[in-house]
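Participant: Pasting the relevant annotations from TrEMBL:
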- 28-61: repeat 'TPR' (REPEAT)
- 68-101: repeat 'TPR' (REPEAT)
- 108-141: repeat 'TPR' (REPEAT)
- 148-181: repeat 'TPR' (REPEAT)
- 188-221: repeat 'TPR' (REPEAT)
- 228-261: repeat 'TPR' (REPEAT)
- 268-301: repeat 'TPR' (REPEAT)
- 308-341: repeat 'TPR' (REPEAT)
Amino acid sequence: EKQSNKDLPQIAKVYLYAIAVGDDALKGMWYCDLGCGYHRLGDFKRAIKFHERALKIAKEVGDKAGEGMSYGNLGVAYDSLGDFERAIQYHERHLEIVKEEGDKAGEGNSYCNLGNAFQDLGDFERAIQYHERALKIAKKEGDKAGEGRSYGNLGNAYDSLGDFERAIQYHERQLEIAKEERDKAGEGKGYSNLGNAYRSLGYFERAIQYHGRHLKIAKEVGDKAGEGNSYCNLGIAYASLGDFERAIQYHKRHLEIAKQVGDKAGEGKSYNNLGNAFQGLGNFERAIQYHERALKIAKEVRQKAGEGYSYCNLGNAYQGLGDFERAIQYHERDLKTAKEVGDKAGEGRSYYNLGDNYWRLGDLERAAILFRSCV
């Protein structure tokens, strides 16, 4: 297998030694490290294969710490693939083990990962609870990297809740810590998070500047997932400025990377973003094609938040075509999905879109009720 990560050749030497001496524990460590290496490359499916091997060995030799670590790594990999429910199951197993072992750092890491998974599911309130627990442990243990990561995650959760000012405060703390610790990956993530927060506030050009800084760092450190994420965010920012042609160029780059590394969730996100950009150009038929691809992927990986977002986008596209009744059907599915995962922001979005379509159909009474529900 081709190995482009600079850490992999050294790990391979360790593996050869493990085979020579028949040391299963060392072999398990190698599988773990190699899985992490492929995860950094954005090859999440291959990462899962190695983490599963590491988990098997950890169980065989009675290595509880290794078992817990493998569960955590599998959770992160499945989260990256968009299978958030499975990710939560693995993180809960990890949390159970680290509590038994009295591993406070591992406990904080589990809370962080659980927060991220619930964030991706759209349960922002629960995400905040987990990230606050992770932050408390990081401060108590003097873990600056964990502290910075928690600030960034809290910022993302508050951004999703619409509290953009508080989100920016958390992201600035995270960026400050990343620079102090000379953590380039963390610095890039800080720029990305600030870009998203400023875009939410309507400062699109400032958002583009931050995402451009993230892209530069991602390329420097060979972070393919981060590079793809930067292209995605740049595309969204340019679409917000009304430059849909440039947005499409960036989203196609993101799509290319997502396919290259097997990131199904990223692929689905790219299709949705391409659909939105073509919708901005008035090409609703093409937009629908992209949103249907996104919906198919969201169902495949059981990504409920992505499924709801696809329903929303399909509803908007059919509204653009003047087919308000079909638009209502999709927005009702979006509303149902948002309620299932506790996504209050998505619920409000659905009520607004439903109200807008009923208003266009002339049902003003029902529209008024729905508009009041979205406040």
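Just so it is clear, glycine is given a Cβ too, placed from its N, Cα and C backbone atoms.
Automatic prediction, not curation, is the source of TrEMBL annotations.
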Participant: Same-chain Cβ contacts of the repeat 'TPR' (108-141) under 8 Å, 6 or more residues past its ends?
Facilitator: 72, 75-76, 79, 82, 84-85, 87-88, 91-92, 94-95, 98, 147, 149-151, 153-154, 156-158, 160-161, 303-305, 308, 338, 341-346
Participant: State the non-local partners of the repeat 'TPR' (68-101) in its own chain: residues 6+ outside its ends, Cβ under 8 Å from one of its Cβ atoms.
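Facilitator: Beyond its ends, the repeat 'TPR' (68-101) has Cβ neighbours at 32, 35-36, 39, 44-45, 47-48, 51-52, 54-55, 58, 107, 109-111, 113-114, 116-118, 120-121, 225, 263-265, 268, 297-298, 301-306.
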Participant: May I ask you to check whether the repeat 'TPR' (28-61) and the repeat 'TPR' (228-261) make contact, with contact taken as at least three Cβ pairs under 8 Å and only pairs 6 or more apart in sequence counted?
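Facilitator: These two segments touch.
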Participant: Could you please provide the mean pLDDT value for the repeat 'TPR' (148-181)?
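Facilitator: Computed over the repeat 'TPR' (148-181), the mean pLDDT is 96 on the 0 to 100 scale.
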